[in-house]
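Asks: Got a structure for you, questions after.
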Amino acid sequence: MADSATHAQPSSTDGQSRRDFLLYSTIAVGAVGTAAALWPFVHSMNPAADTLALSTTDVDLAAIQPGQAITVVWQGKPVFVRHRTEEDIALATKDDSAELRDKMADATRVQKPEWLIVVGVCTHLGCVPLGQKAGDPKGDFGGWFCPCHGSHYDTSGRIRKGPAPLNLPVPKYSFTSDTTIRIG
Amino acid sequence: MSGFQTNNKVISWLDERLPIFSMMQHSAIEYPTPRNLNYWWNFGSLAAFVLVVMLLTGIFLVMNYSSHTSLAFDSVERIMRDVNYGWLIRYLHMNGASMFFILVYIHMFRNLYYGSYKAPREVLWWVGIIIYLAMMATGFLGYVLPWGQMSFWGATVITNLFSAFPVVGQSIVTLLWGGFSVDNPTLNRFFSLHYLLPFVIVGLVVVHVWALHTVRSNNPLGVEMKGEADSIPFHPYYTIKDLFGIGLFLMFFLAFVFWAPNFFGEPDNYIPANPMVTPPHIVPEWYYLPFYAILRSFTMDLWIIPAKLQGVVAMFAAILILFFLPWLDTSKVRSAKFRPIYRQFFWLFLVDCLVLGYVGGKPAEEPLVTIGQLGTAYYFAHFLIIMPLLGKLEKPKPLPASISAAVLKEKA
């Protein structure tokens, strides 16, 4: 240290290591304190309690005919509810053995085979794929087609072609009766 | 430097305590500037001028804007229809954003052509890139505020980029959104940050100018100023030239504001945001298009790296690579004037950026996908292969002994 020349120190190495200890522990305490002070600000940007509270949606399935689909809102996102036809189901189970990017059997993606319920947000960059309405393009695999960057999903909502990495996710849901479900 | 002198007692009293006048004298009046700067050197001061325009118009827009999802779109329409001169202030702000990017792109390509990023101006260049990044963030945040269809879906696509990162990706996206989709919390924080970042940019501009005044301006010849004969004082020579430039620029700018105010915009943004319906063709603002093309040009998974992650990494890398340019360019000669081969590659690179921009604005269909992929490959090849090799292989033309020698020879 610079001042050791003018102020005689009894044992400089001893003093130095004690000072180093004080210096490093002060820095460490300061760093932990700063991080602790920062966290409330970062966490304030995460979903607030009222946002989290809007976490379930009830859907009545009775009016949806085979081959039809409806879109419901859950947590601000569209959820696709499709009443699958026999051909849809057959195609989906047949393709379990096809080459899949995100490998999942159709049976693991549904609770009742005729009802496919998936979050309608493309896993590429979050667009809403087309295929819900009668006139919509359904892609090469009979499911959905995302117009933004050309991802094709099959009748199980699995990614088959295009840039998206993952299948359309299946939200948590349960049948509250034979014809109603609760998502979330 | 002769220093600041005055007979006014009040001014000299103040200057001894806070040397504002000395500083102005030193860095805006006497500041020695190369005598041979051409009009491509006007674009820095023009960009600063537009920054001020953006701050002023923005502050007045905020007085009538509501950052709530149920009010935002209508409050912007109210600015357009009911607020006195609201249409003017908004069109100035809207077109000002495009102008800012046009000016900064010209400023950056000027820098590439004349090798201004080379020693000792690397840090000046770095600060410039950081300003550019801050501008891109600010522009993106601002585009979300009118809460039209493009606002909403642009925000959705861009924030979803972060989900490409393994493990933490989705948590980052939730943190950015403050919810489970782009919604009211997202709009509010974007508004807050859109107001903050321009002032950060002002701070960065101060640092940029500080670095500039430390290393001084490059010039079209790319040789350093060596003596008094090479330089002229900033005032009145460049103050008047910059003012003249602002006059010309205002004609260009206001022509859009008055006669084609929506030229740079997307009609879909005059449809209120609808989270349930994606527009058939989402395009970002024009100034991001080359990077959007790079993002989209990765369509195949490689081993365990998904195409999406590749695209996102490539897009960020396309900008970050600029930080390394001072070392990737191995040539000692700055100005393309004396680098006959680099000069051609410079124009090729410019064309490549324009092609990428064109591809980025079109739907992802063949043959544009392949063209975009070739354009992306060339973009990176320019920096990683062409620039390092060219410096070693190219034989530059002889440099003039000094700026004044070259200028006087031209006159003779």
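Placed from the backbone N, Cα and C atoms, the Cβ positions cover glycine too.
Automatic, uncurated: that is what TrEMBL annotation is.
What TrEMBL records for this protein is below:
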DOMAIN    B:10-221  domain 'Cytochrome b/b6 N-terminal region profile'
TRANSMEM  B:39-66  transmembrane segment
TRANSMEM  B:87-108  transmembrane segment
TRANSMEM  B:123-145  transmembrane segment
TRANSMEM  B:157-180  transmembrane segment
TRANSMEM  B:192-212  transmembrane segment
DOMAIN    B:224-401  domain 'Cytochrome b/b6 C-terminal region profile'
TRANSMEM  B:243-260  transmembrane segment
TRANSMEM  B:309-328  transmembrane segment
TRANSMEM  B:340-359  transmembrane segment
TRANSMEM  B:371-390  transmembrane segment
Asks: So, taking each listed stretch (B:39-66, B:192-212, B:309-328, B:340-359) in turn and counting its Cβ pairs to the transmembrane segment (B:123-145) that are under 8 angstroms, which one gives the highest count?
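Replies: Comparing B:39-66, B:192-212, B:309-328, B:340-359 against the transmembrane segment (B:123-145), the winner is B:192-212.
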Asks: Does the transmembrane segment (B:192-212) reach the transmembrane segment (B:39-66), going by 3 or more CB pairs under 8 Å (6 or more apart in sequence)?
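Replies: Yes; at least 3 Cβ pairs under 8 Å.
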Asks: Per the 3+ Cβ pairs under 8 Å rule, pairs at least 6 apart in sequence, do the transmembrane segment (B:87-108) and the transmembrane segment (B:39-66) touch?
Replies: yes
Asks: So what's the average pLDDT for the domain 'Cytochrome b/b6 N-terminal region profile' (B:10-221)?
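Replies: On average, pLDDT over the domain 'Cytochrome b/b6 N-terminal region profile' (B:10-221) sits at 95.
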